[in-house]
Structures are given as structure tokens and as C-alpha cells.
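Enquirer: Please find one structure pasted underneath; my questions will follow.
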Amino acid sequence: GNEIADSTVSLVKFIKPDPDAIFSSTCFGDTVSSDPAFSIPIKQESCKNTCSSALFKGSQSANPFPFMDGSYFAFMDDKDYYSLSGILGPPVSSFGDGFEGNGFSNQSLNVAIKQETEDSSFYPENNMPSSAIVGVNSCGQSFHYRIGAQGTISLSRPLNRDQSFQNLSSFPPMSSLVESWKTQSELAQNTLSSRRNDGFPVPGYIPENMSSTTLRSMSTGPSRPSKVCLVCGDEASGCHYGVVTCGSCKVFFKRAVEGKCSRQHSYLCAGRNDCIIDKIRRKNCPACRLQKCLQAGMNLGARKSKKLGKLKGVHEEHPQQPLQQTPTASPKEDTTLTSSSKEPSANSNSLVPLISAVSPAITLSAAVILENIEPEIVYAGYDNTQPDTAENLLSSLNQLAGKQMVQVVKWAKVIPGFRNLPLEDQITLIQYSWMCLSSFALSWRSYKHASSQFLYFAPDLIFNEERMRQSAMYDLCQGMQQISLEFSRLQLTFEEYTLMKVLLLLSTVPKDGLKCQAAFEEMRVNYIKELRKVLLKSPHNSGQSWQRYFQLTKLLDSMQDLVGDLLEFCFYTFRESQALKVEFPAMLVEIISDQLPKVESGIAKPLYFHRK
């Protein structure tokens with residue numbers, strides 16, 4: 001009735017009820033219980049049945065990865081900026097009749113995979129083929145950590161817990177928590193009061209038994225934030241030299257680079273080349289300001305690029321190169337069909353003409369596609385003039401997470417096979433995995449750009465030891481850093497990282513199953529096989545691919561434990577956001593409002609590769 005429609009209005013707006021075509025009956029009949037949040041019947045589109053019987057009769061589409069269709073990459077729309085279903089949109093029509101689950105080549109996986117005994121905490125194996133890889137019984141070193149609020153972590157060095165938060169497993173009362181955060185209270189209060197004009201709501205106190213509909217209704221729909229300069233954080237005037245910047249940084253970069261070419265300027269930093277560059281202090285150190293311009297991607301050759309919407313950031317895989325150096329091609333760039341030193345990403349339209357120029361006879365592998373759709377790094381726009389108090393740091397992290405979630409949804413919708421799932425299943429998987437994806441990407445950035453010594457949330461928001469303690473989540477920060485250190489120890493490759501991230505997207509499901517559980521299981525097994533195939537082809541493994549697979553899947557299981565503690569802390573600050581003065585953007589309000597009651601009621605079920 002009206003109550004169900006109100007509770008799902010922002011997530012399933014594109015779903016049309018049809019009493020004659022109930023979608024859930026096309027999967028396993030009535031054996032799979034539907035999620036109460038999506039209990040309305042789903043209209044089944046003709047020629048778009050992602051769970052048709054053809055999947056189980058062995059028929060496959062001629063081209064399981066239809067990347068020649070331009071609509072497949074048409075994900076740069078801004079419709080409903082803060083809604084998951086608005087970004088995901090209705091199912092695309094370019095996927096054809098069949099599900100692309102069998103599109104992964106498994107020629108090198110003819111040997112049967114040994115499975116672990118069935119257990120309630122493992123990946124469901126009912127009605128699965130014998131080739132389904134759901135875990136391994138293997139010897140070797142275990143990298144399974146119990147991290148964060150509800151346990152301890154084994155680190156190479158002892159942990160010095162923050163004295164104000166020695167036991168996060170039993171959160172302190174609200175009054176004592178507020179008192180411990182009120183260092184420099186007057187300055188922090190003035191800063192926060194001025195920052196509430198940025199369009200992001202501050203939810204009030206939320207009781208334990210409040211429904212997701214009421215949770216979501218407490219937030220107001222904010223206007224989309226304006227563009228900010230990626231160098232100093234001031235209001236941007238346009239896209240200058242390929243990067244969204246203000247007029248001051250535009251003029252500075254032009255004069256600095258042209259003067260450097262003519263040897264009129266030779267900037268030197270009086271400190272350690274790590275000066276803070278913001279709106280107030282941008283003129284203090286020209287050397288660090290120029291360095292930040294180059295790191296943001298400014299280039300004199302891009303002066304003709306005037307479109308404001310094309311924001312250029314720092315890419316995950318390639319470190320920043322000085323402007324005067326000539327980029328050299330690497331083997332990875334040759335195999336990913338790119339023509340420049342920078343890989344295309346989910347925020348770039350450059351991939352569309354590249355894919356269109358490829359001969360239709362060429363079928364790209366899933367691993368290559370994942371490398372090309374990987375999102376770029378998002379800037380936090382952190383105000384370095386404000387004090388590093390817990391409320392300021394956590395509010396900035398929440399706003400950054402809201403921006404990253406928009407990228408995560410756009411990334412998910414172009415993952416091969418994901419759009420073949422019902423819209424409700426897509427939304428459910430994103431809601432259950434958003435924290436896992438964010439922390440996993442954070443560990444990768446910290447590994448690539450900070451040598452795992454700091455937490456690289458954004459180029460303008462990096463957590464050192466002091467900021468970790470100030471954030472009131474020191475133990476959790478240490479846990480995320482430990483994952484990054486494992487990346488460094490294992491020398492994780494970008495190809496492995498992208499495949500593991502997809503598996504994390506597919507690693508938490510409702511206990512009663514998804515709307516189309518069979519399609520989900522087929523997709524997950526295919527990506528596990530793809531990871532195995534990548535490990536077999538890697539020359540660095542030299543016959544030790546199973547040991548490598550064991551280590552990587554152990555690391556994925558460790559992420560589940562870490563994320564459980566991160567969610568507990570996130571839900572706590574969400575409920576106490578008004579008292580703690582922690583801001584949440586509307587995107588996170590929507591996701592957490594729907595996720596919180598499901599997780600706390602035990603509906604969510606993590607899928608592990610190994611016995612706990």
C-alpha cells in the first residue's frame with residue numbers, strides 16, 4: 001500500500017508493478033524470499049529477462065560483452081544525483097537476450113576445484129556446478145585479522161590506543177563522547193556553524209527503533225555542491241589547462257610554467273615540500289603550489305579544454321609526473337587499448353571512442369574492462385584552516401564518502417554482468433557493500449600513493465598518526481592501514497585489485513537470497529574464475545598461483561571483519577550526529593537509513609572464502 005510505496009520511493013522509482021508478471025517467480029519459484037523493502041511485484045520487460053530459462057539450458061548470447069554499444073558507457077548523466085536508483089537507472093537494452101555470466105573464458109581451469117565443507121557462513125552452494133570456486137582447503141600462512149571495535153589486531157608494532165577511546169566495543173555514553181570531542185570548542189563551533197551553509201544536512205538524534213522511512217525523511221534534499229578549485233579549494237571559475245581551478249591558480253600556473261620554460265622562475269620550498277596550499281595560504285609557497293597544480297593534472301597543452309563538467313583528477317594507477325617529463329608507454333597501457341599514458345576511467349568519456357574504434361571481432365576480457373572503468377580519485381575539499389577535531393575530520397570523511405558513492409554507483413553499472421541483475425538486487429548489493437568498497441579503495445590509494453605509511457583518503461585529506469588519533473577512530477584507522485600494508489607485502493597488482501573489488505561488491509547478500517539468486521551466483525563464480533585465470537597467467541607467480549589465490553581470498557575475508565566494525569562506528573555516529581556535530585550528506589543518509597535496520601536485525605549475510 002502507501003506505506004510500502006513511501007519506504008521505497010527513492011530506490012525503486014523505475015519499477016513498474018504488474019500483477020501478471022512477478023519477477024521473483026522467474027528465478028526459483030517461491031523458494032527465494034524477497035526482501036521486505038522490495039516486496040512489490042516487478043514488471044518483466046520483453047527480451048530483457050535476466051533470469052530466463054535459456055541461462056540454464058546452455059544458450060549464450062553471441063557477444064556476452066556488448067561494448068560496441070555506446071549506450072553501455074552512457075553513465076555520465078546527472079539525473080537524481082543523490083539517489084541510487086536515479087544513477088543506476090532502468091536496465092539498458094543493449095545487453096541482448098541472454099545473461100553474460102558464461103562469457104568468461106575458463107580454458108585454463110579444467111581441473112576441478114576442491115571445496116570446503118558446507119557451513120552456514122559460507123557462500124551458498126545449492127544447485128551450483130562443480131566448477132564453482134567458493135573457497136579452498138589449503139595450507140600456508142593465514143592473513144585473517146580481527147580488526148577494530150570488537151576485537152584486537154596483530155600488528156608488527158604495538159598499538160597505542162587513543163586514551164579517550166580505549167574500548168570501542170562498548171561505546172562511551174553520549175555525554176562523555178561529546179566532552180572528549182570538544183577540544184577548542186569555541187573555534188570548532190564557529191567553524192561548523194559556518195560550514196552548515198554548504199548544503200549538507202546534519203541529521204538529528206535518531207532512536208534505535210526508528211524505521212528506514214523515518215530515517216530518510218529526516219534529511220532534506222540539498223542542492224548539488226558547486227565546483228571547487230582542485231589546487232587551493234577556492235570556488236572554481238572554470239576548467240583551466242585541463243583541471244577545474246579558480247582564476248588565481250589559473251594565472252599562477254600559466255606564469256609559473258611559462259616562466260620556468262624561459263628560466264625566469266626557479267621556485268624552491270623553504271620547508272619540506274609539503275606546505276599547505278589553500279585559499280588563504282596559497283601565495284606563501286609558490287614551489288608547493290606549482291607542485292600541487294602539476295599533481296592535479298594541469299597542462300599547458302590542455303588550454304583548449306573549456307568544458308566545466310570534465311573534471312580531471314589524479315588516477316589510481318599512474319603516479320603524478322612532472323610536466324617537463326615525457327611519459328613513456330608501459331606494457332599495461334598497450335594491453336588496455338589506450339593511446340595515452342593515462343588510463344581511461346569511469347569519470348572520463350575517452351573510453352567510448354576507444355572502444356568504438358576496436359574491431360567488433362575483438363572481445364575484451366573482463367579484467368581489461370575493469371581496469372578501464374576504474375574511477376578516478378576524488379578530492380575532499382578539506383578546509384585546512386579549521387582545527388583537526390573529531391567532528392571536523394569525520395564530517396569531511398562523510399562528505400568525501402558521499403562523493404565517492406556517486407562514482408561507485410556509476411562504476412558498478414558498467415561492470416560486465418551487473419546490469420543484468422534486477423534493479424532491486426543491484427541496489428541491495430551496493431547498499432551492503434559500500435563501506436567495504438570504500439575502505440578497500442582507501443587501502444589501495446594508501447598503498448600506491450603513500451607507501452602504506454598514511455591513509456590516503458584524498459590528495460587533500462591524508463591521515464597521519466596524529467589525525468588518526470584526533471578522528472576518534474584510531475583502532476579502525478590502524479585496521480585500514482594494516483590492509484594497505486598487506487597490499488604492499490603481497491605487491492598487489494592493479495588487475496588483481498580491480499577483480500577483488502568486484503568480488504567485494506558481490507560478498508554480502510540477504511539471508512533469504514536476492515531476487516535472482518541464480519544470476520548473482522553465476523556472476524560471482526565467473527569473477528572468481530577470472531581472478532584464478534589472471535593468477536595463472538601472471539609470470540610472477542611461477543607455479544604458485546594457488547598460494548597466491550589463498551592469500552588474496554584470506555585478505556578478502558579480513559575485509560569483512562574490518563567492515564563490520566566500521567559499520568558499527570558509522571551507525572553510532574549516524575544516530576548521535578546532532579549531539580556529536582557530525583555531518584552526513586544526503587547520499588549517505590539514504591544508504592545508511594536503508595542499511596542500518598537490515599544489518600542490525602541480522603538480515604545481511606557476508607560470504608566468506610575460508611572457514612572462520
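Here the Cβ of each residue, glycine as well, is placed from N, Cα and C on the backbone.
Swiss-Prot lists these features:
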- 229-249: zinc finger (ZN_FING)
- 229-298: DNA-binding region (DNA_BIND)
- 269-293: zinc finger (ZN_FING)
- C269, C275, C285, C288: Zn(2+) 2 binding site (BINDING)
- 339-348: compositional bias 'Low complexity' (COMPBIAS)
- 350-592: domain 'NR LBD' (DOMAIN)
- N398, Q404, R445, T573: progesterone binding site (BINDING)
- N398, Q404, R445, T573: 21-hydroxyprogesterone binding site (BINDING)
- N398, Q404, R445, T573: aldosterone binding site (BINDING)
- 410-413: region 'Important for coactivator binding' (REGION)
Enquirer: Roughly how many Å lie between the Cα atoms of C285 (Zn(2+) 2 binding site) and R445 (progesterone binding site), rounded to a whole value?
Expert: 26
Enquirer: To the nearest whole angstrom, what is the C-alpha distance linking R445 (progesterone binding site) and C275 (Zn(2+) 2 binding site)?
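Expert: R445 (progesterone binding site) to C275 (Zn(2+) 2 binding site), Cα-Cα distance: 21 Å.
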Enquirer: Could you give the number of helix, strand and coil residues in the zinc finger (229-249) as assigned by DSSP?
Expert: 3 helix, 7 strand, 11 coil
Enquirer: Do you know which of the binding-site residues C275, C285 has the most other C-beta atoms within 10 angstroms of its C-beta?
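Expert: Result of the Cβ crowding comparison: C285.
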Enquirer: Counting other Cβ atoms within 10 Å of each residue's Cβ, which of the binding-site residues C269, C288 comes out lowest?
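Expert: Sparsest of the binding-site residues C269, C288 by Cβ contacts within 10 Å: C269.
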Enquirer: Please give me the CB contact count at 10 A for T573 (progesterone binding site), counting all chains in the structure.
Expert: 22
Enquirer: Near N398 (progesterone binding site), which residues of its own chain have a C-beta under 8 A away, given they sit six or more steps off in sequence?
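Expert: Sequence-distant Cβ neighbours: V582, E583, F584, P585, L588.
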Enquirer: Counting only residues 6+ apart in the same chain, whose Cβ is under 8 Å from the Cβ of Q404 (progesterone binding site)?
Expert: P375, V378, S438, A441
Enquirer: Spatially, which candidate from the binding-site residues C269, C275, C288 is nearest to T573 (progesterone binding site), comparing Cα atoms?
Expert: C275
Enquirer: Roughly where does the DNA-binding region (229-298) sit in mean pLDDT, to the nearest integer?
Expert: 84
Enquirer: Beyond the listed site residues C269, C275, C285, C288, identify every same-chain residue whose Cβ lies within 8 Å of the center of their Cβ atoms for the Zn(2+) 2 site.
Expert: A270, G271, N273, D274, I277, N284, P286, A287, R289, Q291
Enquirer: What is the Cβ neighbour count of R445 (progesterone binding site) at a 10 Å cut-off, with all protein chains included?
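Expert: 20, counting other Cβ atoms within 10 Å of R445 (progesterone binding site).
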Enquirer: Quick one: largest C-alpha distance among N398, Q404, R445, T573, binding aldosterone per the record, in angstrom?
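Expert: Answer in Å: the longest Cα-Cα distance is 25.
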Enquirer: Three states by DSSP: which one describes R445 (progesterone binding site)?
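Expert: DSSP assigns R445 (progesterone binding site) to helix.
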